[in-house]
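Let me begin by presenting the structure, written as structure tokens, before commenting on it.
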Amino acid sequence: MNSEVLLIEGASLMNIKLESEQISKLMNYLKLIIKWNKSYNLSAIRTMEKGVYKHLLDSLSVIAYIKDKSLLDVGSGAGLPGIVISIMRPELLVTVLDTVGKKCRFMQFAKTQLQLKNLNVIKNRVENYQIEFCFEQIISRAFSKVEKILKLTQHLLCNNGEYLLMKGAGFQQETLPYGVDIQSLCVPEILGKRYLLIFRREK
């Protein structure tokens, strides 16, 4: 079974119907990751098949929780999940942020190659990143512990904004904020449980 079929069928199992343009861009994005990996070491994933599950489908698992205006992906690395979200939601302003130059160069290249006009690539430390507006949602897939993420990014989130923190089962050992909403994520072929921690900032 080829990688494109794995993507389509995996997304279908998550109740996500992909359009042809989305499939094309997602597959081309994954090919870029695999190609650049040879020189840039962007990810431990080296094959298209594993990339479909570990990168694309894992990132797609949060799509139902994404709102309409602005999203910041902190510690985005190769652009996960931010670039996947940008492909799926072209009307949404997506900012991907990382401190590592080679990863930001890759994300900028992917933006150009995939013509993602709604994507903004930032090389900076999140605690030093300053903006004139605020983000409706802040997402993180593999950046840091919950307590540290909240501390470093609080100046960037709108009142009534949301944190979306993607975690494995180990999050249970962390200090969690009061009122956190814990959602199980269904990702085909992923060993180990995946969770989305949702924390809403009140006025």
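Yeah, the Cβs are placed from backbone N, Cα and C, and that goes for glycine too.
In the three-state DSSP classification, GLU127 (S-adenosyl-L-methionine binding site) falls within a helix. Sequence-distant neighbours of GLU127 (S-adenosyl-L-methionine binding site): residues of the same chain at least 6 apart with a C-beta under 8 Å from its C-beta are LEU152, THR153. Sequence annotations record features per position, and here Swiss-Prot assigns S-adenosyl-L-methionine binding site to GLY75, LEU80, VAL126, GLU127, ARG141 based on sequence analysis.
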Report task. Count the Cβ atoms, other than its own, that fall within 10 Å of the Cβ of VAL126 (S-adenosyl-L-methionine binding site), considering every protein chain shown. Result -> 21
Requested in this report: Within 10 Å of the Cβ of LEU80 (S-adenosyl-L-methionine binding site), how many other Cβ atoms can you find? Include all protein chains, please.
Outcome: 25
Report summary line: In all the protein chains shown, the tally of other Cβ atoms within 10 Å of the Cβ of ARG141 (S-adenosyl-L-methionine binding site) is 20
